[in-house]
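Features of the protein shown, as given by Swiss-Prot:
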| type | residues | note |
| --- | --- | --- |
| COILED | 2-248 | coiled coil |
| COMPBIAS | 33-47 | compositional bias 'Basic and acidic residues' |
| MOD_RES | ALA2 | N-acetylalanine |
| MOD_RES | SER6 | phosphoserine |
| MOD_RES | LYS177 | N6-acetyllysine |
| MOD_RES | LYS215 | N6-acetyllysine |
| MOD_RES | THR216 | phosphothreonine |
| REGION | 15-47 | region 'Disordered' |
Amino acid sequence: MAGLNSLEAVKRKIQALQQQADEAEDRAQGLQRELDGERERREKAEGDVAALNRRIQLVEEELDRAQERLATALQKLEEAEKAADESERGMKVIENRAMKDEEKMEIQEMQLKEAKHIAEEADRKYEEVARKLVILEGELERAEERAEVSELKCGDLEEELKNVTNNLKSLEAASEKYSEKEDKYEEEIKLLSDKLKEAETRAEFAERTVAKLEKTIDDLEEKLAQAKEENVGLHQTLDQTLNELNCI
C-alpha cells in the first residue's frame with residue numbers, strides 16, 4: 001500500500017514537473033516571439049535611420065549646389081560692378097574731353113571775334129592793309145573749318161556719351177537682377193538648412209529609439225536564456241525522477 005502511495009506521489013510530481021516544463025516552454029516561445037517582434041522593429045528603425053541619412057546626404061548635396069550657384073552669381077555681380085566702374089571712369093574721361101573741346105570752342109569764338117574786328121579795320125584801311133586782309137580771311141576760313149570740326153567732334157562725343165549712359169543703365173539693371181537672384185539663393189539656402197536641421201533632429205530621435213529597442217532586445221535575450229536554463233533544470237529533475245521511478 002505504501003508502495004502505491006509512493007508511486008502516486010511520484011506520478012503527481014512528474015505531472016507537476018511536466019506542467020512546469022510546458023509552462024516554461026510556453027514562456028520561452030512567447031519570449032522568442034517577443035524577441036522576433038523587437039528585432040523586426042529594430043530593423044525597421046534602422047531602415048528609417050538609413051533613409052533619413054540618405055535624405056540628409058541629398059539635402060547636403062542640394063545645399064552645396066545652391067552655394068555654388070550663389071558663388072557664381074556673386075562673381076558675376078562683382079564683374080558687373082567692375083564693368084560699371086570702368087564705364088564711370090570712361091564717362092569722366094569723355095566729360096573731360098568735352099570740357100576741353102568747349103574751351104577750344106571758346107578760344108575759337110574769341111579768335112573769330114578778333115578776326116571780324118580785324119576785318120572791320122581792314123575795310124576802313126582797305127588799300128593800306130589789303131595783304132593783311134587776305135591773310136586774315138584765310139585765317140578766318142581755317143578758324144571756321146576748325147569750328148566745324150569741333151562741332152562734329154562734339155556730336156561724336158555726345159553720341160559716345162549716350163552709348164556709355166545706355167551701357168551703364170544696362171549694367172545697373174543687370175546688377176539689380178543679380179541682387180534679386182542672390183536674395184533668392186540665400187532664401188533657398190535658409191530653407192535647405194532648416195530641412196537639414198529637421199532631418200538631423202529626426203535622425204537623432206530614431207537613433208535613440210534604436211538604442212532603446214536594442215536594450216529591450218538584450219533584456220529579452222537575457223530572460224530567454226534564464227528561461228532556457230530553468231527548462232534544462234526541469235528536464236534534469238524530470239530525468240532524475242524517472243530514473244528513481246525505474247529503480248523502484
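Glycine is treated like the rest: Cβ placed from N, Cα and C.
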DSSP-assigned states of the region 'Disordered' (15-47) in counts, ordered helix, strand, coil: 33 helix, 0 strand, 0 coil
Whole-number mean of pLDDT values that fall within the coiled coil (2-248): 68
Local Cβ density at LYS215 (N6-acetyllysine) - other Cβ atoms counted within 10 Å: 11
